[in-house]
Amino acid sequence: MSFGSEHYLCSASSYRKVFGDGSRLSARLSGPGASGSFRSQSLSRSNVASTAACSSASSLGLGLAYRRLPASDGLDLSQAAARTNEYKIIRTNEKEQLQGLNDRFAVFIEKVHQLETQNRALEAELAALRQRHAEPSRVGELFQRELRELRAQLEEASSARAQALLERDGLAEEVQRLRARCEEESRGREGAERALKAQQRDVDGATLARLDLEKKVESLLDELAFVRQVHDEEVAELLATLQASSQAAAEVDVAVAKPDLTSALREIRAQYESLAAKNLQSAEEWYKSKFANLNEQAARSTEAIRASREEIHEYRRQLQARTIEIEGLRGANESLERQILELEERHSAEVAGYQDSIGQLESDLRNTKSEMARHLREYQDLLNVKMALDIEIAAYRKLLEGEETRFSTSGLSISGLNPLPNPSYLLPPRILSSTTSKVSSAGLSLKKEEEEEEEEEEGASKEVTKKTSKVGESFEETLEETVVSTKKTEKSTIEEITTSSSQKM
């Protein structure tokens, strides 16, 4: 059995025997929880594992070939040296592959450190975002408190406005009442003026009547003087006539007729004088009564005029006071209406400002929510990448542990089968001694050794297969546990972030 046939048989069949179907392992590793990078490198890990398994199997085959070398009589030193060189080359390739795997492992560890640093930075940024998200809540509390204060001020202004409206309505009613009273007083004043005019006409009539009576009195006095003068003249004429008649009678009967004529004249004079006195007294009494009546009427008219003038003056004073009061109330009403308009404009401006502030805060809140959602998505992506890298690191760790276990078991089996420490130096004397000592019994011993070596090879391959299957099963179990734990951690982290963000909202 040559080295080339063993190598190619290992590359084709030992991979399926040890690790099973590579597509099944790759599909199992590239599950729904892993990322694209892990799926792209699952084939490389299976290829590396298959290469390492083939290398170990080929080294085992080399050991077995070295075990078979002493039994072959036709093997020369050149072939042994070539196989030794091939073995060295294979070992060198294996070392280079292990070095490359170690370098890749170091790169992945550095990448994990970088991702942990980024994770810490993102956690710090998330804490800052939470703090920033908590600050708008305090701003909202301040805004709500200020809004409550402004609402209280608005309610006070509304109550003051309602009170002012009530006062305005009361003042309007008072103005209406005063206006009605003013109109009533105006009507009373007009009636008093009309009465005054009527009284004035009566006074004028009384004055004219008094003047007429005075003229009548004067005419009566003149007539009385004229009557007295006429009476005196008539008396004088009668006296003269009486004297003439008395003289004529005296001549007839002076002694008898003289006393009777004197007494008759005396009686006539007394009658005329009493009649004139009665007429004069009656005229004076009528004049005095008329004059007293006219004076009384004039006094009453003067008193009524004075009272009317005083009442008119009082009405004018009250009207002026009510007019001044109405003007003051009108000015107060206008000032209150201006204040109400100013308060309404100020309230509208403040409400518009608060609406703008509310809109700005809502836009900031939406921006913060969108930014938080973006950071959550980035954090989710980073968690997915971290989970994939953790799975990949665990897979590489299990692969390295399995390779170390397999190399240790392979080294023990090779050392048990071939106890020589350095086959490159000890192989030629061993081959020479075996070829010189056992030339005669080469055929039978070669068959027996081949059968024994085949049995040992089958046992070693079965043992390696069992160990590799155990390593693969433990790797798959660890991988599934890592995926489940990572999903649980990610789900709990997302739920915690969502709960905290919803509570803060």
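Glycine is no exception: its Cβ is also placed from the backbone N, Cα and C atoms.
In Swiss-Prot, the feature phosphoserine is attached to one residue out of Ser26, Ser434, Ser440, Ser474, namely Ser474. When you go through Ser335, Ser363, Ser370, Ser413 in Swiss-Prot, the residue listed as phosphoserine is Ser335. Its Cβ taken as reference, Ser335 (phosphoserine) is surrounded by 11 other Cβ atoms within 10 Å in the chains shown. Of all Cβ atoms in the protein chains displayed, 11 besides its own lie within 10 Å of the Cβ of Ser219 (phosphoserine). Confidence annotation: the region 'Head' (1-87) carries a mean pLDDT of 45 in the model. A gap of 75 Å separates the Cα atoms of Ser219 (phosphoserine) and Ser335 (phosphoserine).
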